[in-house]
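Annotated features in Swiss-Prot:
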- Lys199: active site, schiff-base intermediate with substrate (ACT_SITE)
- Arg209, Lys221: 5-aminolevulinate 1 binding site (BINDING)
- Glu237: Mg(2+) binding site (BINDING)
- Lys252: active site, schiff-base intermediate with substrate (ACT_SITE)
- Ser278, Tyr317: 5-aminolevulinate 2 binding site (BINDING)
Amino acid sequence: MTRLPLLKRPRRNRKSAAIRSMIRETNMVSSDLIWPIFLKEGSGIREEIPSMPGVYRWSLDTISRELERLCLIGLKAVILFPVIEDQKKDQFGAYASHPYNIVCRGIQEIKKSFPQLCVISDIALDPFTTSGHDGIFYNNEVLNDESVRVYGDIATLHAEMGADIVAPSDMMDGRVRHIREKMDQMGFVNTGILSYSAKYASYLYGPFRDALSSHPQSGDKRQYQMDPANVREALLECRLDEEEGADMVMIKPAGFYLDVIMKAQECTHLPVVAYQVSGEYSMIMAASLHGWLSKEGAISESLLAIKRAGATAIISYATPWVLEWLARDALPF
């Protein structure tokens, strides 16, 4: 056979698994992953969420057993979300400031049992309000400054309970500065802030709202969440949050916004966390359950793409599976 006179043959670097692994530009490790946990009052609870196959609502006793298993295979960080009964919700989300609510007790118990874990608490009102909005909803509007004051109180409470990092997800103006000042005044100078800096008004949040029963009852979240068409606005939000005292910024969703992740990494000196949201996860799971694609392959590829775009860490509902694959050196790439 006559060979073509090719000086460059890039395929030489792909001819074996050993070579491909040696020169790989992006790798996944267990410390890249943050596991989101839905906590619910009660005991013995492990309820699968229909719109999120493989994701569960947990009571504190059952999550402790699962965390024990996952810590043995490399889990380093979790972020907590509360599932609140309707009778404990009101217009103002007052139960969010109660020191015995499920997220406060979750922070305490998880830090006590697993002190090595980084525990991140989501700072939001939508699980606690009857409106389902991320702030105080009044006269068809989410009130910015009044909501920010409440978030300062909630963040300080979570810091007191032992949260390593608080994560305000509301997209209210000025909330990072207020939370930082409030926590510092109360002596929690070492509690970090992971700000949801660019939280887009996405159609991909539906399964998450199913999990928390927090669908907005009226009004429009586009009044405060970002327009999916905008990227410069996201960079402005990242810079503002850095100036206000954030320790990390977040881009949410992740997979549809890889360009934003890349540009955010270039515009800030802070770590950039990306959230692979419920809709992204559920699309992959639905297709895999129909046999249309490989669950392992699609999840791994999606997370690799997010990290390749520049994410420092990734919040993903697939974290338990990925930890298992990493522990067995069984990632499909």
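Every residue number used here counts from 1 along the chain in the order it is shown.
Keep in mind that glycine also has a Cβ here, set from the backbone N, Cα and C atoms.
Structure with Swiss-Prot features highlighted.
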residue: Lys199; record: active site, schiff-base intermediate with substrate; Cβ neighbours (10 Å): 25
residue: Arg209; record: 5-aminolevulinate 1 binding site; Cβ neighbours (10 Å): 16
residue: Lys221; record: 5-aminolevulinate 1 binding site; Cβ neighbours (10 Å): 17
residue: Glu237; record: Mg(2+) binding site; Cβ neighbours (10 Å): 23
residue: Lys252; record: active site, schiff-base intermediate with substrate; Cβ neighbours (10 Å): 24
residue: Ser278; record: 5-aminolevulinate 2 binding site; Cβ neighbours (10 Å): 23
residue: Tyr317; record: 5-aminolevulinate 2 binding site; Cβ neighbours (10 Å): 28
* To do: Could you check which of these recorded positions, Arg209, Lys221, Lys252, Ser278, sit within 10 Å of Lys199 (active site, schiff-base intermediate with substrate), going Cα to Cα?
  => Lys252
* When the Cα of Lys221 (5-aminolevulinate 1 binding site) is compared with the Cα of each of the recorded positions Glu237, Lys252, Ser278, Tyr317, which one is closest? -> Lys252
* **Assigned element (helix, strand, coil) containing Lys221 (5-aminolevulinate 1 binding site), judged by DSSP** => helix
* Would you kindly give the Cα-Cα distance separating Arg209 (5-aminolevulinate 1 binding site) and Ser278 (5-aminolevulinate 2 binding site), rounded to the nearest Å? => 9
* Asked: When DSSP states are folded down to helix, strand and coil, where does Tyr317 (5-aminolevulinate 2 binding site) land?
  -> coil
* Asked: Should Ser278 (5-aminolevulinate 2 binding site) be counted as helix, strand, or coil on the basis of DSSP?
  -> helix
